[in-house]
Amino acid sequence: MRTLWIMAVLLVGVEGSLVELGKMILQETGKNPLTSYGAYGCNCGVGGRGKPKDATDRCCYVHKCCYKKMTDCDPKKDRYSYSWKDKTIVCGEKNSCLKELCECDKAVAICLRENLDTYNKKYKNNYLKPFCKKADAC
């Protein structure tokens, strides 16, 4: 639990409700979200942009597109609540904007789990994101 708290503190202010997003990724994939996805490919983590390197990176690309479609809330600041029931993420917000934010995060966590077999360690610490090729618009 302490590791999760440290991870959350490190991620605060990067994008979205990162405490919740980090928990979802950990629950769905069993991987540490910061060390496994914090700088993965061209789209996962801070400053992500560019043509996805693989299906795992595409999950992050789609997630960023999901955030861009939001107009009534701020994914960088707004927080939501969810629960983990029978190994399933349940978004519990009545506020439509916060529910949409939760659903975006839920979708990326599930996508990352479903694409664990495409996870490639050579893309894990990709700090050369400025050299990623331009991606298609969302």
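Cβ coordinates come from backbone N, Cα and C, glycine included.
Counting only same-chain residues six or more apart in sequence, the Cβ atoms lying under 8 angstroms from the Cβ of Cys132 (disulfide bond) belong to Cys42, Arg49, Gly50, Lys51. Summarising the annotation, Swiss-Prot assigns disulfide bond to Cys42-Cys132 (among others).
Residues near Cys60 (disulfide bond) in space but far in sequence (CB under 8 A, at least 6 apart, same chain), listed by position: Tyr37, Tyr40, Gly41, Asn43, Cys44, Gly45, Gly48, Pro52, Val108. Positions annotated as disulfide bond by Swiss-Prot: Cys44-Cys60 (among others).
Around Cys59 (disulfide bond), the C-beta neighbours below 8 angstroms that are at least 6 residues distant in the chain are Cys44, Val108, Cys111, Leu112, Asn115. Look at Cys59 (disulfide bond): DSSP puts it in a helix. Taken from Swiss-Prot, the feature disulfide bond applies to Cys59-Cys111 (among others), supported by similarity to another entry.
What Swiss-Prot lists as disulfide bond is Cys65-Cys138 (among others). A coil conformation is recorded for Cys138 (disulfide bond) in the three-state DSSP classification, outside any helix or strand. Within the same chain, the residues at least 6 positions away from Cys138 (disulfide bond) whose Cβ sits under 8 Å from its Cβ are Lys64, Cys65, Lys68, Lys69, listed in sequence order.
DSSP gives Cys104 (disulfide bond) a helix state. The disulfide bond feature in Swiss-Prot is assigned to Cys66-Cys104 (among others); the stated evidence is similarity to another entry.
Using a 10 Å Cβ-Cβ cutoff, Cys97 (disulfide bond) registers 16 neighbours. The disulfide bond annotation in Swiss-Prot covers Cys73-Cys97 (among others) and rests on similarity to another entry.
Positions annotated as disulfide bond by Swiss-Prot: Cys91-Cys102 (among others). Annotation note: Cys91 (disulfide bond) sits in a strand segment as assigned by DSSP. Within 10 Å of the C-beta atom of Cys91 (disulfide bond) sit 19 other C-beta atoms, taking all shown protein chains into account.
What Swiss-Prot lists as region 'Important for membrane-damaging activities in eukaryotes and bacteria' is 121-134.
The signal peptide annotation in Swiss-Prot covers 1-16 and is backed by experimental evidence.
Look at Swiss-Prot and you will find Lys121 (among others) tagged as site 'Important residue of the cationic membrane-docking site (MDoS)'. The Cβ of Lys121 (site 'Important residue of the cationic membrane-docking site (MDoS)') has 8 neighbouring Cβ atoms from other residues within 10 Å, across all protein chains displayed.
Lys124 (site 'Important residue of the cationic membrane-docking site (MDoS)') is surrounded by 16 other CB atoms, counting those within 10 A of its CB over all protein chains shown. Here Swiss-Prot flags Lys124 (among others) as site 'Important residue of the cationic membrane-docking site (MDoS)', drawing on similarity to another entry.
For Leu128 (among others), the entry in Swiss-Prot reads site 'Hydrophobic membrane-disruption site (MDiS)'.
Residues or ranges marked as site 'Cationic membrane-docking site (MDoS)' in Swiss-Prot: Lys129 (among others).
Counting every protein chain shown, 9 other Cβ atoms lie within 10 Å of the Cβ of Phe131 (site 'Hydrophobic membrane-disruption site (MDiS)'). For Phe131 (among others), the entry in Swiss-Prot reads site 'Hydrophobic membrane-disruption site (MDiS)', with the evidence type similarity to another entry.
Note on Lys134 (site 'Cationic membrane-docking site (MDoS)'): other Cβ atoms within 10 Å of its Cβ, all shown chains, come to 9. The site 'Cationic membrane-docking site (MDoS)' annotation in Swiss-Prot covers Lys134 (among others).
Spacing of Lys134 (site 'Cationic membrane-docking site (MDoS)') relative to Cys97 (disulfide bond) is 29 Å (Cα to Cα, whole number). Cα of Phe131 (site 'Hydrophobic membrane-disruption site (MDiS)') to Cα of Cys97 (disulfide bond): a distance of 34 Å.
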